[in-house]
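Note sheet for the following structure.
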Amino acid sequence: MPPKPRIALIAHDHKKDDIVAFAARHRAFLSQCELLATGTTGGRLIDEVGLDVTRMLSGPWGGDLQIGAQLAEGRVSAVVFLRDPMTPQPHEPDINALVRACDVHNVPCATNVASAELLLAGLARENGAAQAG
């Protein structure tokens, strides 16, 4: 049996409600995975969805970079990063570095809910789990 997927969950402020709703819909599958998240997102997933999440720093304080470092070490299976394309982010270079690391290391990265749905369905199929959702 393959190892548990280790999934990073990240969301910009205007997308936090979306990632909480997404995680709630997929709670059964996500609870079978190892999860890590940036600080505020992780706190909401713990408090509102009841998931076990390893929290990094908040994104603007280096959380995206912490996740990127683990990804570069081969310790992240997939990234769900719900980005807000309409709001400038003060830590945009960190965000670009994380997405680039996904590309360099061939780690799937979903940046909107539609692609995140497909990503989880693929992980569930690959890991023989019940369909995500």
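Here the Cβ of each residue, glycine as well, is placed from N, Cα and C on the backbone.
Annotated substrate-binding residues in Swiss-Prot are His12, Lys16, Thr38, Gly39, Thr40, Thr41, Ser58, Gly59, and among His26, His91 the one listed with them is His91.
Its Cβ taken as reference, Thr38 (substrate binding site) is surrounded by 25 other Cβ atoms within 10 Å in the chains shown. Around the Cβ of Thr40 (substrate binding site), the same chain contributes Asp13, Lys16, Ser58, Gly59, each under 8 angstroms and 6 or more positions distant in sequence.
Its Cβ placed at the centre, Asp64 (active site, proton donor/acceptor) has 28 other Cβ atoms within 10 Å. Contacts of His12 (substrate binding site) defined by a Cβ separation under 8 A and a same-chain sequence distance of 6+ are given as Gly59, Leu82, Arg83, Asp84, Thr87, Gln89, in order along the sequence.
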